[in-house]
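Engineer: Submitted below is the structure of interest, expressed as structure tokens.
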Amino acid sequence: MADQPRSTASLLFLSLTLLLQFCSGKSELQLNYYSESCPRAEEIIKEEVTKLYHEHGNTAVSWLRLIFHDCMVKSCDASVLLDTANGTTSEKTSGRSFGMRNFKYIDTIKEALESACPKTVSCADTVALSARDGIVLLGGPPIEMKTGRKDSKESHVAEVEQLIPNHNDSISLVLSRFQSVGIDVEGTVALLGAHSVGRVHCSNFVQRLYPTIDPTLNLEFAKYLKGRCPTPVPDPKKVEYARTDLVTPMVLDNLYYKSILSHKGLLLVDEELVSDPTTHPFVEKMADDNGYFLDQFSRALLILSENNPLTGDQGEIRKECRYANRD
């Protein structure tokens, strides 16, 4: 009889835990969510992502940035894809979304899914799985990603500035914003390794070059950057950009960390990763071990991909990713 209260308490605790999981929606994400409703869903996404990558290599980088912008803002719910229409102001209008592109190719992927399985696969899962497959094409690791997300019916444009870290933010602020979605210091350092691929527009780092060169910048690298960005006021509509990784700019690897240890980072946050005692040890470890970096990157991306998903009747399955469904 003495054991009965403990058993009752244990059952109550288990029930409460399951209830909280259900309310958060996380219990409804699962591997192979579409195995019965659309058996080829993940294969279709992979085929389309691969085809687009071979036609337009930068799409893989776009999918990586897209999942970050979607999942950091309240939920992994494809709200970032909504256009300004029907009283909705798009998150794409935010200054934090500057330089994002290739949205039209998400439409291409979604059209293939709709053709095979109408009104079945969410845009939110399309964003997540496109990023997963794009990472592999960039030389990154395969990631087992759960699905079952639903799409938001509204934009979160008012929250974008508060939730998406800025390249000029202090490293402590960047760390706190990632921590708010469950990503620790090690994971944050790993996710910033995405700066290893793609490019950065001059307007995002030109203040480190003019009127005087930032003394923390490697001088030879600063000369290269001034060649890429010859004026202190770049035209945001022109293709004026530079890359951190000049050796493997389209491979997700640890050369980013080697570059910033040599003070060859483009952004202020890159330099702060090296100078801050909280993050510096992880930068050194990732620079020394590419496998460790990729393991931590995968771990952190999985956490990000499961941030507060809409499931069940919390959201919808959009027919077109740019617009909420009309009732």
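Note that Cβ sites are derived from N, Cα and C of the backbone, with glycine treated the same way.
Curation plays no part in TrEMBL annotations; they are all automatic predictions.
Relevant sequence annotations retrieved from TrEMBL are reproduced here:
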type     : residues      : note
DOMAIN   : 28-325        : domain 'Plant heme peroxidase family profile'
DISULFID : CYS38-CYS117  : disulfide bond
DISULFID : CYS71-CYS76   : disulfide bond
DISULFID : CYS123-CYS321 : disulfide bond
BINDING  : PRO165        : substrate binding site
BINDING  : HIS195        : heme b binding site
DISULFID : CYS202-CYS229 : disulfide bond
Engineer: Restricting the comparison to the disulfide-bonded residues CYS71, CYS117, CYS123, CYS229, CYS321, which residue's C-alpha is spatially nearest the C-alpha of PRO165 (substrate binding site)?
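Structural biologist: Given the candidates CYS71, CYS117, CYS123, CYS229, CYS321, the nearest one is CYS71.
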Engineer: Please name which of the disulfide-bonded residues listed here, CYS38, CYS76, CYS117, CYS123, is nearest in space to CYS202 (disulfide bond), Cα against Cα.
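Structural biologist: Checked the disulfide-bonded residues CYS38, CYS76, CYS117, CYS123; minimum Cα distance to CYS202 (disulfide bond) goes to CYS76.
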Engineer: Rounded to the nearest Å, what's the C-alpha distance separating HIS195 (heme b binding site) and CYS38 (disulfide bond)? Just drop the number here, would you?
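Structural biologist: One finds 34 Å between the Cα atoms of these residues.
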Engineer: Counting across all protein chains shown, how many other Cβ atoms sit within 10 Å of the Cβ of HIS195 (heme b binding site)?
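Structural biologist: Around the Cβ of HIS195 (heme b binding site), 23 other Cβ atoms lie within 10 Å.
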Engineer: What are the non-local neighbours of CYS321 (disulfide bond), defined as same-chain residues 6+ apart in sequence with CB under 8 A from its CB?
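Structural biologist: Within the chain, CYS321 (disulfide bond) has Cβ neighbours under 8 Å at ALA78, LEU81, ILE106, ASP107, LYS110, CYS123, THR126, ASP151.
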Engineer: Rank the disulfide-bonded residues CYS38, CYS76, CYS202 by the number of other Cβ atoms within 10 Å of each Cβ, and give the residue at the low end.
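Structural biologist: Least crowded of the disulfide-bonded residues CYS38, CYS76, CYS202, by Cβ count within 10 Å, is CYS38.
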Engineer: Distance between CYS71 (disulfide bond) and CYS229 (disulfide bond) at the Cα atoms, whole Å?
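Structural biologist: If we compare the Cα positions of CYS71 (disulfide bond) and CYS229 (disulfide bond), the gap is 31 Å.
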Engineer: Check the Cα-Cα distances from CYS229 (disulfide bond) to the disulfide-bonded residues CYS38, CYS76, CYS117 and tell me which is shortest.
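Structural biologist: Nearest by Cα distance to CYS229 (disulfide bond): CYS76.
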